[in-house]
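Listed in TrEMBL for this protein:
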TRANSMEM  82-102  transmembrane segment
TRANSMEM  154-175  transmembrane segment
TRANSMEM  231-253  transmembrane segment
TRANSMEM  259-285  transmembrane segment
TRANSMEM  339-360  transmembrane segment
TRANSMEM  372-390  transmembrane segment
TRANSMEM  402-420  transmembrane segment
TRANSMEM  426-450  transmembrane segment
TRANSMEM  462-481  transmembrane segment
TRANSMEM  493-511  transmembrane segment
Amino acid sequence: MVSLSLPNSLVTDVLLEDEEHEDISIKKGSSGKLSDEELLARTIEKALKTKKLAQSSNMTSSVKVALTAEDLLDQIGIWHPYPLFITFSMAFLWLLSVMPTMSPSYMAPSSPCTLDNCSFVTVQHEFNITKTLIDPGEMTSSVFFLGNGVLGQIYAVAADSLFISGLSGIGAAYAPSFELMLVGRFFQGSCFTVTLPIRNIINWAFQALTMINWVMCCESISFSGHGYASVLFGLCWVIGYCSVSPLAIYFSTWRYVQLATSIPCVLFGILMLFTLPESFSFLVAKRKRDDLVKWIEMAERVGHEEIDYDADQIVDMSSREDDNKSLLQTLKIVLQSKLMMTYTAVESFLIIDLMIYSALSLSSTGVGSHNMHLSYIFSGLVEIPSYFLIPAAIDWLGRKPSVMVCHLILAFSLLSMYLFDHEADPEIFLIIWLIAKFAVASAFMLCFVYGAELFPTNCRSICLGTCATISNLGAVVAPHVPAMDIFFPGLHYLFYALCAFICTILTTILPETKENHSVPRSQQQSLA
């Protein structure tokens, strides 16, 4: 006789199962019941099946099969080595990109150096450029933004655009004439789509108007990581911004500064050509299944862990979400909507902040202090608090009030700069100037966050692209706005303050979008 020590529930299940199924293949005893040996065998078999089902159930509950692009990026996580590599690489590009953008602060300063140790050779000095109504040397900055506005949307690969930017910058450094230098700066600027660090924790990714590297980062990491990424991008922006000053201290001429800010772009561009993957969301959108699988397999090798996914389902779900509207169809929808046209017009004026930001940044070496390098570095460091304060402000106050408050602070700061005599107390003037710089940096960030929530998904790119183009026009004229001081001193500060006040008033036309960021993209309203 075999002694049974198995759970009574399993034994009972086997006996009940045997009574219900007469065609069972196990031999029965003379009494028509299972023998002890047969009952033991059946019970063990039942126990093994139960254990296997339990393990399968636990696995299903703990590992979710990714069926969409967002599910897969969420499964990978924000601290996975592969998306971290992409994020840090793209953030480092911001460090490299800001240096040639802000280098005209030293290469072609708006105010000539009046100190005894002014040994740095500027563009104006080398090419014997004299200032009339405007300073032609400041075209060094204007053509950079002009190139961005004219050709900035042509390049589609971050590594290619960085490489071309570096080569164009090197060509400008060796230009034998002022005109050829401007040509080089034009093409260098065409590779850089201007934007400031933005808190992107809401359910969208910037497409048409932000830099390719920011887009690629957003498309290759989970939405939960966009906020962390924006802070990292902002810190890299400030590091690159401030690093122009030691370069100008170390080198004695604008040519070496131009060269020093361009060569790293070429070297890093070459490195990225061999190491940087394609954007994950781009592969999904273009239905490149094989390349998509390779991307995921690389993430598995780098992270030393297996990712559970269905590539066919991911691609299929992406095609279902596509509205299949062409650019012309989307443009027609926008033009037929008075509401979207109004929002675009207002947002376009709000992004005139880039003109004020560029003007303050490029003039920072001649503001308020006898130490031009200290003034410039402070103008970069003052932006750091905005990367941490603005995200909290938009959640606490809302988008619309935050935009209005920042523009009001900017307006009063600029008005104070107009009324204040900067020669009487340059240190106090510098403090007011830094407050204005912080306010305009914050306002510009908020305008893009606000705008991206303001426009529906299917017309967001074209509307914000229009706003970005207009903002580039503002950056082009920014170095030359001080020419209006010919009428009376400080008029350009009054003009900037007026623009900031108008922005505050125009913001009242727009709706609050505080709750929009919590709505999934699949549920966001779009124009029909």
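Backbone N, Cα and C atoms are what each Cβ position is placed from, and that goes for glycine too.
TrEMBL annotations: computationally assigned, not manually curated.
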Problem set entry | Long-range environment of the transmembrane segment (493-511) - Cβ separation under 8 angstroms, sequence gap at least 6 | 342-343, 346-347, 349-350, 352-353, 355-356, 359, 400, 403-404, 407-408, 410-412, 414-415, 417-418, 443, 450, 454, 481, 484
Problem set entry | Recorded stretch, among 82-102, 259-285, 372-390, 402-420, 426-450, maximising Cβ pairs under 8 Å relative to the transmembrane segment (231-253) | 82-102
Exercise. Same-chain Cβ contacts of the transmembrane segment (259-285) under 8 Å, 6 or more residues past its ends?
Worked result: 69, 72-73, 86, 89, 92-93, 96-97, 99-100, 103, 158-160, 162-170, 172-173, 188, 205, 215-216, 219-220, 244, 247, 251, 291-292, 295, 298, 314-315, 318, 322
Problem set entry | Spatial neighbours of the transmembrane segment (82-102) far in sequence, C-beta under 8 Å, 6+ residues away | 73, 76, 144, 158, 162, 165, 169, 188-189, 192, 194, 197, 211, 213-214, 216-217, 220-222, 225, 229, 232-233, 235-237, 239-241, 243-244, 247, 258, 261-262, 264-265, 268, 272, 275-277, 298-299, 302-303, 361-362
